[in-house]
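In what follows, a structure is listed as structure tokens, so that the remarks can point back to it.
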Amino acid sequence: MGTVVDAPAVVTEEVAENTLGGKKVTVVFVLGGPGSGKGTQCANIVEYFGFTHLSAGDLLRAEIKSGSENGTMIENMIKEGKIVPSEVTIKLLQEAMIKNENDKFLIDGFPRNEENRAAFENVTKISPAFVLFFDCSEKEMERRLLGRNQGRVDDNIETIKKRFKTFVESSLPVIEYYNSKDKVKKIDAAKPIPEVFEDVKTIFAPYAPKAE
Ligand SMILES: Nc1ncnc2c1ncn2[C@@H]1O[C@H](COP(=O)(O)OP(=O)(O)OP(=O)(O)O)[C@@H](O)[C@H]1O
Ligand SMILES: Nc1ccn([C@@H]2O[C@H](COP(=O)(O)O)[C@@H](O)[C@H]2O)c(=O)n1
Ligand SMILES: [Mg+2]
């Protein structure tokens with residue numbers, strides 16, 4: 001298993017400003033149950049607000065495809081709806097952020113559990129500007145996942161049930177943690193896609209690109 005990329009040396013003031021490799025960055029965590037619409041809305045936020053979208057799940061799937069030494073382990077965890085050890089996922093996220101010139105990142109599907117949350121904070125010293133939480137019923141999320149048709153190994157009813165259990169047991173407590181810090185912005189994700197994006201737009205208005 002690889003090691004997490006060394007975080008750049010930082011001083012206290014820089015930590016407060018969320019720096020990464022000398023660059024000041026804004027990070028928004030995008031959380032919600034499987035199929036709540038995180039990826040769909042992130043694509044809209046990228047287009048309208050100029051963020052870079054980093055999906056932890058997509059990075060893990062790319063790692064499998066790359067033939068990495070961790071590939072088999074990651075694939076097994078995804079098929080079982082389990083959460084991959086933080087060091088693997090954080091290394092992928094950190095590398096992606098460092099090599100990208102943007103300074104505004106949507107981190108989708110991370111942190112997925114308390115270990116993810118604490119390890120990211122410890123390694124990167126970055127705290128999110130806020131957490132966007134897509135709230136949706138399991139019935140609706142199951143309907144969407146079974147209709148997604150993207151060939152994902154985890155979009156079958158057996159794995160979907162396991163992913164829901166992991167979400168309730170491991171991911172909801174992370175959302176509660178950030179809620180206790182007043183960092184959660186909750187969206188009703190059961191509405192149609194354009195209506196959800198209207199609510200998202202209101203939240204991201206302060207991040208709109210400045211007119212030249
Ligand atoms: N508001 C919505 N109403 C109806 N269908 C939606 C809505 N948002 C997304 N979908 C559809 O639901 C499916 C899942 O959406 P998406 O991939 O964005 O979810 P996700 O939260 O990223 O899921 P996962 O955690 O599994 O990656 C897609 O087929 C998408 O087109
Ligand atoms: N922080 C994370 C994020 C994802 N995973 C694994 O990937 C699966 C798919 O994630 P999506 O966000 O694309 O739905 C997820 O069920 C986990 O198995 C992870 O381990 N850690
Ligand atoms: Mg997704």
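From the backbone N, Cα and C atoms, a Cβ is placed for every residue, glycine too.
The Cβ of LYS191 (ATP binding site) has 14 neighbouring Cβ atoms from other residues within 10 Å, across all protein chains displayed. What TrEMBL records for GLY35, SER36, GLY37, LYS38, GLY39, THR40, ARG148, LYS191 is ATP binding site.
Long-range neighbours of GLY109 (ribonucleoside 5'-phosphate binding site) (same chain, six or more residues apart, CB within less than 8 Å of its CB): VAL30, LEU31, LYS38, SER55, ALA56, GLY57. The ribonucleoside 5'-phosphate binding site annotation in TrEMBL covers ARG61, LYS82, ILE83, VAL84, GLY109, PHE110, PRO111, ARG112, ARG152, ARG163.
Cβ neighbours within 10 Å of ASN116 (CMP binding site), excluding its own Cβ and spanning all shown chains: 24. Annotated CMP binding site per TrEMBL: ASN116, in sequence order.
Ranking the binding-site residues GLY35, GLY37, GLY39, PRO111 by how many other Cβ atoms lie within 10 angstroms of each Cβ puts GLY39 at the bottom. Ligand 3 lies within reach of LYS38, GLY39 from the binding-site residues GLY35, SER36, GLY37, LYS38, GLY39, ASN116, judged by a C-beta closer than 6 angstroms to any of its atoms.
Taking the Cα of SER36 (ATP binding site) as the reference point, the closest of the binding-site residues ARG61, ILE83, PRO111, ASN116 is PRO111. Listed binding-site residues near ILE83 (ribonucleoside 5'-phosphate binding site): ASN116 (candidates GLY35, GLY39, THR40, ASN116, ARG148; Cα-Cα distance within 10 Å).
Taking GLY35, LYS38, GLY39, THR40, PRO111, ARG148 as the candidate binding-site residues, the subset whose CB lies under 6 angstroms from any atom of ligand 1 consists of GLY35, LYS38, GLY39, THR40, ARG148. Neighbour density for SER36 (ATP binding site): within 10 A of its CB lie 26 other CB atoms from the protein chains shown.
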